[in-house]
């Protein structure tokens, strides 16, 4: 394997596919059924298809990609999806004009023409507990690039674009590219953790753990916010209006919800967090 710090002369196009997947969770406490309904409507409006399109357009700009096509959709009763096809090379004027047109998505024959290209997608999932006041908003984001451009450049921007309490990230490199001598290269950059690409303020704000499979070029990082300021988690209510015992109970419910999402399992009813 060549040193990743030095540039390798490739035979043809860089065929490596680099994919970065996010699951971002925003947790909130809305006491009444009316407040929970209002929260879901609020979050659905804040992260509608138009706003998500702007976020993903910024991501394309950050990683140095060219936009080929945009498809977006708001769903009823809630949720939104946006898909952007991107390429590494500059696009023609005709393709650039087509990218400005918002439509239901490319037809199958159009997709076949871009199988060697890259994409950015986002889907949102607002939901709430049926009995308690905890509500959770989830955004799933995938940034997949083919060539030298790296989705890792957009890491910090995406984390800061959402009110992220828990973040689950997967980064993988697939395929191979050849150098001029015909030797295969299965990765073209140094990495031992996704955390290498996190800003210092992000590392300080979150508790993080890694599960990496280096020989498979597969990297997994989970993050959960360290500090819980109750005022920032109440919807339609102020912490100052609550009794101390009620504040403690709400904080317990919020921390439990975050811990279960972070661990990926339900805790026992009497298990402390």
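Here the Cβ of each residue, glycine as well, is placed from N, Cα and C on the backbone.
Note that this is a predicted model, so its numbers are computed, not measured.
For reference, Swiss-Prot has these:
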ACT_SITE  118  active site, schiff-base intermediate with substrate
ACT_SITE  123  active site, proton acceptor
ACT_SITE  146  active site, proton donor
MOD_RES   118  pyruvic acid (Ser)
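Structure coloured by features recorded in Swiss-Prot.
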{"residue": "118", "record": "active site, schiff-base intermediate with substrate", "Cβ within 10 Å": "25"}
{"residue": "123", "record": "active site, proton acceptor", "Cβ within 10 Å": "17"}
{"residue": "146", "record": "active site, proton donor", "Cβ within 10 Å": "22"}
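Rounded to a whole value, the Cα-Cα separation of residue 123 (active site, proton acceptor) and residue 146 (active site, proton donor) is 21 Å. Residue 118 (active site, schiff-base intermediate with substrate) sits 6 Å from residue 146 (active site, proton donor), taking the Cα positions as reference.
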